[in-house]
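Student: I'd like to ask you about the structure that follows.
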């Protein structure tokens, strides 16, 4: 399959290496155009992938059968709009990033839009990407007009398992958002690995209560207890991990808070719900972000 991967960070390189190893015809796409992108990845089994792959080839993009987007949430809309005019209108665009809200910014895109969540963990160590832990990718149609592309889940399952197709992906997206609303801001503010959050049960409870209320109003059945149990499972299974938001804060980069807690706040306002704990955390992360961005050190990384 001919696939363009938009974004060559940790997640992008994970997909590029996996797709390449399984015989797919792939290219990367970088914000600053370059003819090649370097993919250096150590997999969970210790194997090493080191290749220079084609990048930013518009002819390749014009024949691509899938655009896989692995950018940070705040980078997605502008980049996808730029590439959509060259991508065939029948080729689906799959967005995999933390948070929600990018689809609302891309309603007029002609191509089929899919969205997903991923629990694989990968991190950068110098110029090398380390695939820390295997996980699951959940994908599904982003809008009502986007059809059944479950065959893609079958193809991607053979590349980087596990991959699951959902006809209603939004329920899964909300579940992942609940986890992100807990883990990302708390670890970023406490400067700690995920496992340390076991000591902050009161804050976790407060966040889960508020998120559950919003999810119920969105039309998906859940409870604070269900969310809390799921969040605690994720904290335990990723105890040693450094969250993406904490990585961003440590590197003085723009975070995805606007698409995680920020999205929750927007939906809460629509439903007339007060979410004071999430509001407090949102303001604290934005304050931290503005401190280093104001000093000029928070330079956005290339895709």
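Glycine residues also receive a Cβ, built from the backbone N, Cα and C atoms like all the rest.
Annotation comment: Swiss-Prot describes 176 as active site, proton donor. What Swiss-Prot lists as NADP(+) binding site is 7, 8, 9, 10, 11, 12, 98, 122, 256. The substrate binding site feature in Swiss-Prot is assigned to 98, 180, 184, 194, 244.
Map the listed features onto the structure and describe their local environment.
Tutor: Counting every protein chain shown, the Cβ of residue 176 (active site, proton donor) has 20 other Cβ atoms within 10 Å.
Counting every protein chain shown, the number of other Cβ atoms lying within 10 Å of the Cβ of residue 11 (NADP(+) binding site) is 24.
Around the Cβ of residue 184 (substrate binding site), a 10 Å sphere holds 26 further Cβ atoms from the protein chains shown.
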Student: If you draw a 10 Å sphere around the Cβ of residue 98 (NADP(+) binding site), how many other Cβ atoms fall inside it, taking every protein chain shown into account?
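Tutor: Excluding its own Cβ, the number within 10 Å is 23.
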Student: Taking Cα atoms as reference points, which of the recorded positions 176, 180, 184, 194, 244 is nearest to residue 9 (NADP(+) binding site)?
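Tutor: Looking at Cα distances from residue 9 (NADP(+) binding site), the smallest one goes to 244.
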Student: Of the recorded positions 176, 184, 194, 244, which one sits closest to residue 11 (NADP(+) binding site) when you measure Cα to Cα?
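Tutor: Going through 176, 184, 194, 244 one by one, the Cα closest to that of residue 11 (NADP(+) binding site) is 244.
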Student: Please report the distance from the Cα of residue 176 (active site, proton donor) to the Cα of residue 98 (NADP(+) binding site), rounded to the nearest angstrom.
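Tutor: Rounded to the nearest whole number, the Cα-Cα distance is 8 Å.
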Student: Pop the Cα-Cα gap between residue 256 (NADP(+) binding site) and residue 244 (substrate binding site) into the table, whole Å please.
Tutor: 9
